[in-house]
Amino acid sequence: MAHLLSTSCSMKVSPSEKLSSKCWNIGSTKYPMSFTQQTSKSAFKSLVHQRNNTQKLTVVRATTVPLNQETKAESGTSSFENNGNTSGRKRVMVIGGDGYCGWATALHLSKKNYDVCIVDNLVRRLFDHQLGLDSLTPIASIQNRIRRWQGLTGKTIDLHVGDICDFEFLAETFKSFEPDTVVHFGEQRSAPYSMIDRSRAVYTQQNNVIGTINVLFAIKEFSEECHLVKLGTMGEYGTPNIDIEEGFITITHNGRTDTLPYPKQASSFYHLSKVHDSHNIAFTCKAWGIRATDLNQGVVYGVMTEETAMHEELCNRFDYDAVFGTALNRFCVQAAVGHPLTVYGKGGQTRGYLDIRDTVQCVELAIANPAKLGEFRVFNQFTEQYSVRDLAALVTKAGEKLGLNVETISVPNPRVEAEEHYYNAKHTKLAELGLKPHLLSDSLLDSVLNFAVQYKDRVDTKQIMPSVSWKKIGVKPQTLRA
């Protein structure tokens, strides 16, 4: 039975003299390249190419239907189908479910017999369009992804297309779906993107912080028992010269002892937005009794999970560019096309890493073992620590097994960060819940490098070198080189 998937996402679409040649496609709906997101009560009007012209208001709608049917969204008003929780299964809302971590998680939870709802404004696809980037792996539209999943498994995933910064949209979505758990991936997740220029720095903070506050209010107003599973980042901690604990540290000062939130030393406007999120969530747990798990995730690599490997239309995105690509993914693509691995600076930057298959496993464990009402708990979500030099050496060794001649070069570091430092982060809580990690030494070839070789003809080598400088960020909007 077809599901009508609601949106009250409104967009102000900029007029264009050559509209037909400058369109962005989501499913069957076309959007001009240049537009401004509009939220109902937001003081911010962000993204790129804002204009003073009178702009047309368009209501965006989305549908999912079985593969052998076609459904046309009615014009005029939004509507929801509330199936009710008659199955007794837990209902999980995945905000940002069209993204890298969100899509893999949504499929994994659906397979595990959760009732899943994806909420997404699809803006991540727009970022690629604006910056001239593309996923290494071809990715289908979210509508086709969901239809294919239903065709293969018989399982339905609800879809609500809209902006969680628009509280009216979010409220209607909450009232419609009635989630037991909210998994919140729905944030601008790139540090380099947040450092391109002022407008993108502002967008990152506005989108991430206001969106999370809206989620907290929605839980308070419509679903007080709901468990928030929020994706944070290990980057909140920075690189202190002491061990990194899981969220909290017990200290003795002037003869008195207390357990306090671990100090935060964020290194970009993106990482700072995550710090603000953590503070806001901790406050509302204390003040309102919300239950929340903050997953401070390390750097994720890989593309394949058991579910995304079922069909090409379920394939996840694989970012390799200098804006959205993570270090290991970038190195594997560079090796595949014969480009030297680009190590930033001295290469001693050490971080926690995990396979995308472990991301979905961690989220499932957090859902199955929820926080108590009023509890704010923090899990450090990674499985192994590596320096950038270590990663380059691993990729070089793996490349040799495939007959690749892999070289490494040092390039000026575009970031402001320590290039040699102490790093020892604790990560025991998820292991205690039953996490069984996929280690990089066992999975580098099958999870990353083979995909890079398979799709190497899709690589745009102009996107390999760093293009965003932490020190050169300014007020003037920047267009990355094509």
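Note: Cβ is positioned from N, Cα and C throughout, glycine not excepted.
According to Swiss-Prot:
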type     : residues                                                                                                       : note
ACT_SITE : Thr233                                                                                                         : active site
ACT_SITE : Tyr270                                                                                                         : active site, proton acceptor
ACT_SITE : Lys274                                                                                                         : active site
BINDING  : Arg189, Thr233, Tyr270, Gln297, Ala327, Leu328, Asn329, Arg330, Thr342, Val343, Tyr344, Arg415, Val416, Glu417 : substrate binding site
SITE     : Lys274                                                                                                         : site 'Important for catalytic activity'
TRANSIT  : 1-61                                                                                                           : transit peptide
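The Cβ neighbour count for Arg189 (substrate binding site), using a 10 Å radius over every protein chain in view, is 24. In this structure, the C-alpha atom of Tyr344 (substrate binding site) lies 19 angstrom from that of the residue listed as 'active site, proton acceptor'. Applying an 8 A CB threshold to same-chain residues 6+ apart, the list for Val416 (substrate binding site) reads Ser267, Trp470, Lys471. The two recorded residues, Ala327 (substrate binding site) and Thr233 (active site), have Cα atoms 15 Å apart. When the Cα atoms are compared, Thr342 (substrate binding site) and Tyr270 (active site, proton acceptor) turn out to be 23 Å apart.
Ranked by CA distance from the residue listed as 'active site, proton acceptor', the recorded positions Arg189, Thr233, Asn329 have Arg189 at the top as the closest. Cβ packing within 10 Å was compared across the recorded positions Thr233, Asn329, Thr342, and the lowest neighbour count falls to Thr342. In the structure shown, the C-beta of Tyr270 has more C-beta neighbours within 10 angstroms than that of any other entry among the recorded positions Tyr270, Tyr344. Residues within less than 8 Å, Cβ to Cβ, of Lys274 (active site) and separated from it by at least 6 positions along the same chain comprise Glu187, Asn208, Gly232, Thr233, Gly235, Glu236, Ala266. For Ala327 (substrate binding site), the number of other Cβ atoms no farther than 10 Å from its own Cβ, over all displayed protein chains, is 22.
Mapped onto three states, the DSSP output places Arg189 (substrate binding site) in coil. For the recorded site, Thr342 (substrate binding site), the DSSP three-state label reads strand.
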